[in-house]
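Working notes, structure below.
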């Protein structure tokens, strides 16, 4: 079912920005160094959230209306999976390295 | 004489004078249009209304006035020609779960001429707080995370919450499934059962989250009943599916249309011309007469 999104997630991208567009996080896999502040910007007409997939995870945005943004500074290395709680089929990951 | 012909029932969809009408085919009743009306004409019959996905607070080109559309839906409920026993709103009352949006939709719904208003939460009503703001406004007297059941006119109703702790699909959780198990235990198998949930309990289109990952555990508990009707919202379009004695009916929306499964890259609010918007919005009335096997379901476009 989700071959296209799995395919998109295959290639990690470096940077510090994630676009929320067409009900997807882009890039689906973002690689950053510890200490980087990542900013998500909603470019859709519907609202989205940036929320850690596991309970207790650090990502917990409010509902982002169109053009709204959310930022988080990753201090610890690790793999951070997150979803949009309104559209939980939207999944993505931030990989934080030293 | 048990329910002999019952298992061969088929859903018939017809369009009559601009109304999309669905009901279960029945040898005694071949006129789809008469189904809801016939039940309504008999005193003592149960008549209720389902409205869904009002998204109060949504702002976008797909509907520049969702509050206005919801008001029209309320007026339509009040112009049915009968006073429904209750109105069920099957979720996404609000768009962003704010206190102001919950207050607004609750106040608007007091304008509906009915004895009781019930709700189940949508994922838009549970943003960021696992449904706490929703339950403060609408959860009085409910159990667990907001689920409950009640009986009226010989029908057993169960209202489920499948929009919390989402992981790709809707989710019920073991506590709620235990509630359903205990709730159904001891209920005679010929009791008609109606189940409300926001997200479909069947796999309508899992790629867009239009399914509930642990629904089969509840479906298994419902299989022994001779008539089960599952009514959901979430997908903003009419859709019916029958599995043995269980029939699933997705309701339309009062806010804005969504694409048919797979017909667009994502379930994005659809911008359509104003006339077509009204065709996509509507309400559903349901009639049931004690002793009947099936509920009569009638979907009406926003006039």
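Yeah, the Cβs are placed from backbone N, Cα and C, and that goes for glycine too.
Bear in mind that TrEMBL entries carry predicted annotations, made automatically and left uncurated.
TrEMBL lists A:18-96 with the feature domain 'Blue (type 1) copper'.
A simple way to gauge crowding: the CB of residue A:48 (Cu cation binding site) has 28 other CB atoms within 10 angstroms, across all the protein chains here. Look at TrEMBL and you will find A:48, A:84, A:87, A:90 tagged as Cu cation binding site.
Per-residue pLDDT, averaged over the domain 'Blue (type 1) copper' (A:18-96), rounds to 94.
The 10 Å shell around the Cβ of residue A:87 (Cu cation binding site) contains 23 further Cβ atoms across the protein chains shown.
Taking H, G and I as helix, E and B as strand and the rest as coil, DSSP gives the domain 'Blue (type 1) copper' (A:18-96) the counts 0 helix, 40 strand, 39 coil.
The Cu cation site is set by A:48, A:84, A:87, A:90; from the centre of their CB atoms, other residues of the chain with a CB within 8 Å are A:20, A:23, A:25, A:49, A:83, A:85, A:86, A:88, A:89.
Under 8 angstroms separates the C-beta of A:87 from a C-beta of chain B, among the binding-site residues A:48, A:84, A:87. When the neighbouring Cβ atoms lying within 10 Å are counted for each of the binding-site residues (A:84, A:90), the highest count belongs to A:84.
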